[in-house]
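Following: one structure in structure tokens, then a few remarks.
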Amino acid sequence: MKDQKVIVALDYDRQADALAFVDKIDPSSCRLKVGKEMFTLFGPEFVKELHKRGFSVFLDLKFHDIPNTCSKAVRAAAEMGVWMVNVHASGGERMMTASREILEPYGKDRPLLIGVTVLTSMEQQDLAGIGLDIAPQEQVKRLAALTKNSGLDGVVCSAQEASMLKADLGKYFKLVTPGIRPVGSDVGDQKRIMTPVDAIISGSDYLVIGRPITQAENPSQVLNDINLSLAPVL
């Protein structure tokens, strides 16, 4: 199966609505992201439903805890069979290393382990508010380097940082980019955004797209259009 670049961010508070949407799209066209709200509401059984339908799942729970607790949560995600799981890079090198090491017994079947750098809603004043006198881009660079040094597979970052991180950390270090809006879409609550084609050109490996697909009249067509637009730049 080809390496789908689009990850559709599911955002529903009713499982029936989520599955009704999922049944309109093809697992060959995208992967799916399940975040904190949906996982708290519906639990592992919902992830199993998505797996039954043939979808790869990015479990976006952003674990951040002491190394022992965080790594065990990552192992629980691996037991669920998810394709990707993430942890907050600000949890530090020991936490990330423990999380990576606990996945080693899974071999080729282990999920990708990704670090979260700076949330795309965060601006300089937000960082200042938590005691970080640093530009968001510099904090992203610092945390991304720490993530790579901890042996993780990549980071979540905004598309604006992608070319810089590819240059610094190499082409095999995966960049997962939220804040992607197809041309003509509403910006929503993301501060740092970019179109799918621009993001891939900038170095993003996977594109997280939510409402422009989930709220579309014909989500399958929107996905098809995005994938067609990406074909020349892959």
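In case you wondered, yes, glycine gets a Cβ from its N, Cα and C as well.
Pulled from Swiss-Prot, these are the features on record:
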- Lys62: active site, proton donor (ACT_SITE)
- Asp11, Lys33, 60-69, Thr120, Arg181, Gln190, 210-211: substrate binding site (BINDING)
Legend entry - Between Gly210 (substrate binding site) and the residue listed as 'active site, proton donor', the C-alpha gap once rounded to whole angstrom: 18
Inset, instruction - Determine the Cβ neighbour count for His64 (substrate binding site): the number of other Cβ atoms within 10 Å of its Cβ. - result: 17
Legend entry - Whole-number Å value for how far the residue listed as 'active site, proton donor' lies from Thr120 (substrate binding site) (Cα to Cα): 14
Legend entry - Pairwise Cα distance for Asp11 (substrate binding site)/the residue listed as 'active site, proton donor' [Å, integer]: 16
